[in-house]
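All remarks here apply to the structure that follows.
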Amino acid sequence: MPSNKSVSDAAITQFINCRILRDHRLQRDDLWVREGKVLDPEKLFFDEKGYADKLVDCEGSIIAPGFIDVQINGGYGIDFSQASDDVSSGVSFVAKKILQHGVTSFCPTLVTSPPAVYHKVLPQIKVSDGGEHGAGVLGFHLEGPFISVEKKGAHPEQFLRTFQSGGIEDLMEAYGGLDNIAMVTLAPELGGSQSVVKELCQRGITVSLGHSVANLSQAEEAVHHGASFITHLFNAMLPFHHRDPGIVGLLTSDQVPAGRTVYYGMIADGIHTNPAALRIAHRAHPSGLVLVTDAITAMGLPPGRHTLGQQVIEIQGLHAYVAGLNAAYQPPTTCSACTKTLCGSIATMDMCVRHFKHASGCSVEEALEAASLHPAKLLGISHKKGNLDYGSDADLVLLDDALNVEATFISGEEVWRKGP
């Protein structure tokens, strides 16, 4: 505790024997935390004559910023797109479980649903800080219903919508409101979409392009109006073509305004994206890559039938498919009654970090920043999350050299640790 009591009486924790991810490289240094924030030790020593109240021996582990998942549909039997009178208990359950995977903040994601579901679910969840109870909620990611019929993927076609009023009124009608919404995925080729992109961005809501047949110029126009993300790159969009690369072309477009970055989500589960495609994207635009799980209700559950919004899905090994039309009535013993439409993953964030590093050949630092710094920058919260700069939130993940999670901390307090 500092001897200069005028500064703070709060306890100081010192993490020792660790390698800290700071300024894009792992550094052998101690990490100091007070009142949930990363502390500048020079100011502590010289201005306050302070010292640590508590030592945490990391035993050589890596300390990285806590992981941020901006696209997670549920997990452990919970589906965020299922309306109930107690949505918060399901979100809280998942928030607690994902601590073991190093996730300290997340955006609960709703797939295309009827208005009644949005009106029931959205008012029940507020932006909230994380802690021992679970990872913090950064706001909803609403993936749909304003997306392309041709690239709907696992989204139910009967609930897709277009912009009839040509503006924000359509969003209000579908969602019921825009409070506690962090991100909206839409198809920029839909009529009236560009004014919606502009309005959402003015309200501080991140706009992502996805489930779309947009050409490159339509995607570039959306970026000019403020769109800054691509939902699960390569999936549910036109394939790359050399004459018109479509949304994928944003990775190297010369029409992105100066000083702006277009980020893109990658489901690095070894299923949604071939490793060669993952490497192409990373090498073309490494600073924009954001790892997402796109995890569904079956994450953490055994193979079988589960729900995703209004759909029935089938888990076979590491694959999640939309089930056949008779799925609800005749559960098959094989996947012969399944479609071949992928519908989210059952991967965890730490698994994605490890696979991304292995498949891309990137550095440890790059793999960790794709799950922390990049999503924080995308959401405009890198002044407090996604890094270990002085003054940032002390949301931390301790990892071994193989990037397995050993412990998770939120605001400097241990919230999960791997058992012996």
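A Cβ is built for glycine as well, from the same backbone N, Cα and C atoms used for every other residue.
Any TrEMBL annotation is an automated prediction that lacks curation.
Taken from TrEMBL, the feature domain 'Amidohydrolase-related' covers 62-415. Residues or ranges marked as Zn(2+) binding site by TrEMBL: Glu143, His211, His232. Annotation comment: TrEMBL describes Ala154, Asn235, Ala236, Arg243, His272, Leu342, Cys343, Gly344 as substrate binding site. Under the heading active site, proton donor/acceptor, TrEMBL lists Asp294.
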Number of Cβ atoms other than its own within 10 Å, given for Ala154 (substrate binding site): 23
Binding-site residues near His272 (substrate binding site), in sequence order, restricted to Glu143, His211, His232 and a 10 Å Cα cut-off: His232
Among His211, His232, Arg243, His272, the one of these binding-site residues whose Cβ has the fewest neighbouring Cβ atoms within 10 Å: Arg243
Residue among the binding-site residues Glu143, Asn235 whose Cβ has the most other Cβ atoms within 10 Å: Glu143
Least surrounded among the recorded positions, given as Ala236, Asp294, when other CB atoms within 10 Å are counted: Ala236
Residues flanking the Zn(2+) site, with Cβ no more than 8 Å from the Cβ centroid of Glu143, His211, His232 and excluding those residues themselves: Gln71, Gly144, Ile147, Gly153, His155, Thr185, Ser208, Gly210, Thr231, Asn235, Ala236
Average model confidence [pLDDT] within the domain 'Amidohydrolase-related' (62-415): 92
Alpha-carbon spacing, Glu143 (Zn(2+) binding site) to Ala236 (substrate binding site), which is rounded to whole Å: 12
